[in-house]
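Going by TrEMBL, these are the annotated features:
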DOMAIN    9-474  domain 'Major facilitator superfamily (MFS) profile'
TRANSMEM  45-67  transmembrane segment
TRANSMEM  79-97  transmembrane segment
TRANSMEM  181-203  transmembrane segment
TRANSMEM  268-288  transmembrane segment
TRANSMEM  319-341  transmembrane segment
TRANSMEM  353-373  transmembrane segment
TRANSMEM  379-398  transmembrane segment
TRANSMEM  450-470  transmembrane segment
Amino acid sequence: QQHKLPSAQLTILSICRFAEPVALTGVFPYLPEMIESFDVPKAKVAQWAGIASAIFSISQCITAIPWGRASDKYGRKPIIILAMTCAMVSSMLFGFSRSLTWAIIARAASGASNGNVGILRTTVAEMVPQRSLQPKAFATLPLVWQVGSIVGPILGGALADPAQKLPHIFGKSKFLKTFPYALPNLVSGVVFTIGLIIGILFLKESLETKKDRKDYGRMVGAWLTRPCTKGRKGLRPADDFESALPNSKHHHHHHAPPRYRDVFSRQANLNLLAYFFLGMHGVTYNQLLPVFLHLPTKRDDVELPFKFGGGFGLESGRIGLIFTLFGVFSMLCQFTLFPYVSQRFGVLNCYRACTFLFPITYFITPFTVLMPTPLTQQGAVLGVLLFKALADVFAFPCNTILLTNSANSVRILGTLNGVGTSLSAIGRAIGPYVVGRTFTWGVDIGYVVIAWWLLAGIAIIGHLVTWWLAEGEGFGVDDTV
């Protein structure tokens, strides 16, 4: 039997996933301005942006393993729906922030709600256990992330503080003057609502022990779509991955939740360590770069090649455009390059190569501010950012595939991915906080390169870990059975 990708269920899962990157990346273009609006001095903006990011990641770290274990116990679908609802509410809270304290609390709530990352990966792994299909399947969620990363900065950059930026349309709105950053989060709330509706109506449970549970949401979805699917066999999106699961006859064995010692094999531990470093430097760069781009220019006290300070002096709209181009390029690479290259050269080889690109990118980044004109500065930093995008496109799905195949049983996947999300969150808490503080110190003493080189050092360690990794057999079957 030749297995095929469960395209309908992957599409439904992608719609559920889409809102989170829109909400998360939509914050980046306006976060420096938002922090400034709370009467924070410009020199302290990077520090507080790092703290906000660290709070998000610490909260995610604390809750990721419980989210994963809950999905192992209660099923993937109900936990996905619950996490989406919590993420939507916390996004709204952030948009209505009127003080730094409120914003930090809202970011903490967003982090605690962000439990879907590991659960969605687990769901994909259960839908597609065949190693030959994994590159395409595991590229789906990162592709959705890239599309969300395009839409998010556009929304964030265009809709933040609309009463000030678009006075002819929103200038008379007292609501938007009182809550200048509410509009992009309200729009992302609409996207969340669409994802929730689609998920409730059509997403199928993938956890083996819960697949036969009565799903009233899918029953309503089947009733609503009956006029479209009547007499057309094979078009029911809830049923198209059954044959992809090995031994998927409905065995009703109710196992106890996996123990932690079942989860941590040597290769699983090494993959988790690699994921920790990837989260630490990869996300930190994306969060530090808008602060660098927004930082006022400074041409005095320069002693080349290393002593120079200041940034690009860009506003949120231009920063949003740069990140949009970054997202478009990432999406195209994810769709065209990743499945072919990873199958041609192997997942592990691709992972080692892309992690080698990260430190080079970070080392070069600060020197782009030395270009002679604003146009050449922005062109240079965009060029460097595209190299970062290429590395991102391969790094995250490759790590996910290697981590999935280090598991010897599907039963531990939810917990294993929860641990991975938690460790990555620790890295994303330490990275922005430490590098953000270092960036502030570097700006004060005129050495803006220090923070970027610290990031490069972290990335080098992350690359070295990959030389101890091996590709596991996984728990699935191959392409034919």
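The first residue you see is number 1, and the count goes up from there.
Cβ from N, Cα, C; glycine included.
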Beyond a gap of at least 6 residues from its ends, the CB atoms lying under 8 Å from the transmembrane segment (79-97) belong to 16, 19-20, 23, 27, 34, 67, 70-71, 103, 105-107, 109-110, 112-116, 119-120, 123, 179, 181-186, 188-189, 192-193, 195-196, 199-200, 203
Model confidence for the domain 'Major facilitator superfamily (MFS) profile' (9-474), as mean pLDDT, reads 85
Two-stretch contact, the transmembrane segment (379-398) and the transmembrane segment (45-67), at least three Cβ pairs under 8 Å:
no
With the cut-off at Cβ under 8 Å and a gap of six or more residues from its ends, the chain residues touching the transmembrane segment (268-288) are 28, 46, 49-50, 53, 351, 355, 358, 361-362, 365, 388, 392, 395-396, 399, 402-403, 406-407, 416, 419-420, 423-428, 430-432, 435-436, 439, 451, 455, 458-459, 461-462, 465-466, 468-469
